[in-house]
Structures are given as C-alpha cells and as structure tokens.
Amino acid sequence: MRERPGIRRSATRRTRGLFRRGAVPLVCAGVVCLPGPAAEALTSPGDDHDATTPFWVEPSGPAVWQERIWQERGREEDAAALQRISDRSTAVWLTDRDPKAQAEQITRRAERAGRIPVLVAYNIPQRDCGQYSSGGAPDAAHYRRWVSRAAAGIGSRQAWVVLEPDALAQWASGCVPEAAAKQRLALLAEAVRIFKERPGTAVYLDAGNPGWISDRKRLAEALNRAGVARADGFALNVSNFHTNSVTGAYGDELSALLGGAHYVVDTSRNGNGPLLSAGPPPDAAKPAGPGSPTGAPAGLNGPDTGGAGGAEDGKGQGPGDGEPWCNPPGRALGTPPTTATGNPLIDAFLWIKRPGESDGSCRGAPPAGRWWADYALRLSNTVPSAGGSGAGAK
C-alpha cells in the first residue's frame, strides 16, 4: 500500500497580503476582472493564511480581490463571509498555452511560505467532450510538450498535481471521439511519468465522482492503463457535490480494485451534498438559521445516494439550466482542506474546484471558470446540512 506523500511542514503565521490603496480590479456583472501580473506586486510572496494545513493559500486569488472590493463599498458582512473562501487553500488550474511560468511562480511562492501548492493539469486533447470547458491541446504532441513544460516549472519543489479532471470518466462513458479515445489513456500514463520524474511532485489521476461511472471494474481498468500504480493515487468529486461519506465508500471500493491505492477528495462545495430533484429534505438536512441569503427551497437537500439527480454517463446530458452539476442552488462549502481525513486511504480533503468560479453559462452564470461573486457569497452563507460533508467551512 502506497504511503501518503511526504509533507514538509512549517510553522507560519496567518497573514493577509497588503493591497495598495486604490489598486482595485474592475467588476463586470458580478465577475471580478482581475488585473495581470501587477497583482503579484500587491502581496507579500511568503504570505500564508492558515497554519492548520500543509497546503498553500493563494494570497491574490479572486476571492481576496472581491473581499477587498466589498470592504471598500461598505459591504462588511459580505466581505467577512467571503473569508470562508479566501482564507482557504484552493487549487490553481494550469490552463495556459505554456504553463511553465505559471507553475514556477506558484511553486516558488509556496516554497517560500513553507507550504505545498495544489495544481490541476487540465489540457487533455478533446477536453470535456465539447461541453462548457471544451478545448485542450490540439493533439498528442502538443499535450506531451505542455505536460513537460508544466513539470519543468515545478522543478524540484513540492506540489500536488490533480491530473485531468473528467478525462478518465469521459473515456469510460464513451463520449470521447474515437481517435482521441485510442490515445487518451496512453497520454495520461505519459503525463504521470513526466510529473513523477520531479522529486517533490505527488500526482493524483482524476476518476470522476460517485454519481458517474457505476462500473467500478471498467474505471479501475482505465486507471491502471493510465498509470495509477506509478502515481500517488486518484482523485474523486472534482467540481462536484457528493458528500464525504458517499465519496469515501465509492473511493474505498475503487481502491480495493487497485490494490489499495490512495485518493484525495474535492470537498470544496459538498457541504449540502448534490442537488436532488425529488422530495422534501429531512429536517436535519435543511439549512439552519439565517443560512443562504435567498433561502434554500424544499427538495434541494437530502441523502446523497451517489447517483440521484444526474445521468450516470457524464456530468449531465448536455448544457442547460437543469443540470445538477452546473452551479446548483442551495449548495454549501465543505470540509476545509486537510490531511486529517479519518480514513487511511484518503490522503487529503482538498478544495480543487475554486468555490465561486462558474461551472458554465447556466443559471445566469458567466462562462466556465470565471469568477461569480454572487454564487461565492451564497456558498459562503449557506449552512452545511447534517447530511452533507459533515464539517463545513467555519
């Protein structure tokens, strides 16, 4: 059984990067239009927010900027609520055409802070099967070069890399075009090899979520062919909402098929579990107190069955406001990032999806990956249910 990746801890104080007075980004219909490299100069590169986790907190992320804007506009309560996001470690998604500079900058800043950055490699050819996050490298040769550049940017510094969200599950579901499907698993195996050549890099192959691929043996076969034995394990629930208990049960079953492989879980938005469509929630699962600023309609919460509310073979059947995975209402922040998971197979609970970044242009949201301040505030203010992840952000 593979051991948890080594973690070099450092006792650092919780601090906030300093902003220059008047250096405020533009706001476009609830979306923060972040400035370019100038943002780097506004924060101390060694800043660290939370001494209870080994993971790096980005001091100039969109939630930090939004918090500052709201403070200057007198929205003190909203700014304080947003600290439940800005004070937490969230993954940085590598999507630049040349990711070397981005990976190098992030890992250097994290190293100075004595922390570990979580990175997401997200550039596989035929990415997302033409849905909201479509794109990726134009072909296999470009992808190999892209991965090599990302790994070169990391160098010998520490980093945890979540490799290609959705890529394996979409292969298993059959939505990847035939030409790309034939080479996808080999490309993922090459990516694992390239990243693992870096001495401080841990790699977790994304394996979808409990409501997606019910054929665990097929998924395990795909993980094996994609090099999971060489990786540090697999990742579950990225950008999704399944509870810790349901995801853990699914992950343990998958691990057993892989000889005891470890895994990580995205808990960024699973405090209330997934959006369910039928029946009122039990009293224990309803948001308590003031909760969400808009309230949570009946039927949004309930026991997470691992498959209710969505199609098995993908994030959904296609674009549309009814998709349970696309900016669903009534969701809540989940367990903050930690390596204290209570399950020896789970290396960490991570916030891989950045809370507040859109899943796609549904329910009045901006395009996928864009910051959506209103949704971030709703996530921050909604009280996690008793049937959710079991430990919301506080």
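In case you wondered, yes, glycine gets a Cβ from its N, Cα and C as well.
Cross-referencing Trp70, Trp325 with the substrate binding residues that TrEMBL gives (Trp93, Trp212, Asn240, Lys353, Glu357) picks out Trp325.
Taken residue by residue with DSSP, Asp128 (active site) is part of a helix. The 10 Å shell around the Cβ of Asp128 (active site) contains 22 further Cβ atoms across the protein chains shown.
According to its DSSP assignment, Trp93 (substrate binding site) is in a strand. In sequence order, the active-site residues near Lys353 (substrate binding site) (Cα within 10 Å of its Cα) are Asp359, drawn from Asp128, Asp166, Asp359. Note: the CA-CA distance between Glu357 (substrate binding site) and Asp128 (active site) rounds to 17 Å. Highest local Cβ density among the binding-site residues Trp93, Trp212 belongs to Trp212, counted as other Cβ atoms within 10 Å over all protein chains shown.
In this view, Asp359 (active site, proton acceptor) is surrounded by 25 other Cβ atoms within 10 Å of its Cβ, with every protein chain counted.
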